[in-house]
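This report refers to the structure that appears directly beneath it.
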Amino acid sequence: MGRLFGTDGVRGVANRELTAELALALGAAAARRLSRSGAPGRRVAVLGRDPRASGEMLEAAVIAGLTSEGVDALRVGVLPTPAVAYLTGAYDADFGVMISASHNPMPDNGIKIFGPGGHKLDDDTEDQIEDLVLGVSRGPGLRPAGAGIGRVIDAEDATERYLRHVAKAATARLDDLAVVVDCAHGAASSAAPRAYRAAGARVIAINAEPNGRNINDGCGSTHLDPLRAAVLAHRADLGLAHDGDADRCLAVDANGDLVDGDAIMVVLALAMKEAGELACNTLVATVMSNLGLHLAMRSAGVTVRTTAVGDRYVLEELRAGDYSLGGEQSGHIVMPALGSTGDGIVTGLRLMTRMVQTGSSLSDLASAMRTLPQVLINVEVVDKATAAAAPSVRTAVEQAAAELGDTGRILLRPSGTEPMIRVMVEAADEGVAQRLAATVADAVSTAR
């Protein structure tokens, strides 16, 4: 990867690492690299954001960068990341920009860029944009003047267009379902409850009052306790949790038990296989997916293709193999027939549709997968590469792997967006998984 882009765009503490100057430069560089030169009509970029306070500042800076290069900024306001991806294609825009740090804390922010059709950029394109930002490449020509300067346009119909799009995910009415949705005070605070109500569900929305400061604060897909409590209090059939930009969806059943991205993928894969919609009888998952997913799919006659962690790699494999379902344990679920990236609202609608069509509870559906005990420890480090390559860490990993044998696995993965290394251990016995994960995590934290 390059110097600015991580696994999910450019991120950092807003106004420190991710400054207005950098946002302007990214907007201008994206305009130079991605806008369709020589095409008839004006060049256009779709621009959206989540509700965190710094989004307004960064939006203004990106707009300045876009318009200074002669690209109109089609502003869609506060909408989920998958909405920006969809609208990039729906408006036939040159590219799209989303300002969000997803599940990260409020002080952080990020900039994600989508190419034509709303597809994530490949590494080469990101490197070319970085070269323009960093001055390695000068880019073409002089900047426009007069009528050639880009304009700012508010897309008044953006939300309605997106809601009409996601409605296609519900192929049955959800009139008998009661669902609690935790919107994380994020980008889906309006769209998610509206989408679920339009499909017929009785919706109890929580954490759906964004004020710019409360996004992901003790709520959403990374903090499920409020959702569990609300599901039990309202005796709902299920609960759905989104993150700050709503490209994720996790669930809890009527008992408050977690149904994570792996279990959701199993439920949807079985539904799609039954309907003849699971292309090549194949599911795409990452190396972080639980062994239980692989066992469940094997027994159902479904092949699992494994990628590196990050929905961009899932997307690449889906496109390369023309597959129809993929995702991550974290709740990024991708169905190319319904979107070019993970969409938490689409996932929620598909999951509830399966419940209605089968007459089964979410608990019963999720029981198709037996989750093996999995322990994940995030270790903060100064230098991810140095810590991961340290001899003491390699020794700890080798010893843990030898003890596990064929009954489990260990994975060491540097985060693509944060200064940490993730240590993951799966084993038939939870105590063994906890012990080995703690041993390896200690080796990582003390590595020199």
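Cβ coordinates come from backbone N, Cα and C, glycine included.
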Record-annotated Mg(2+) site (Swiss-Prot): member among Ser102, Ser363, Ser367, Ser392 besides Asp243, Asp245, Asp247: Ser102
Alpha-carbon distance [Ser102 (phosphoserine); Asp247 (Mg(2+) binding site)] in Å: 8
Integer Cα-Cα distance in angstrom, Ser102 (phosphoserine) to Asp245 (Mg(2+) binding site): 5
Additional residues around Mg(2+), ordered along the sequence, whose Cβ is within 8 Å of the centroid of Ser102, Asp243, Asp245, Asp247: Asp50, Pro80, Thr81, Ser100, His103, Gly186, Ala187, His242, Gly244, Ala246, Arg248, Gly344
Same chain, 6+ residues apart, C-beta under 8 Å of the C-beta of Asp243 (Mg(2+) binding site), given in sequence order: Ser102, His103, Ala184, Gly186, Asn216, Gly220, Ser221, Thr222, Gly331, Gly344
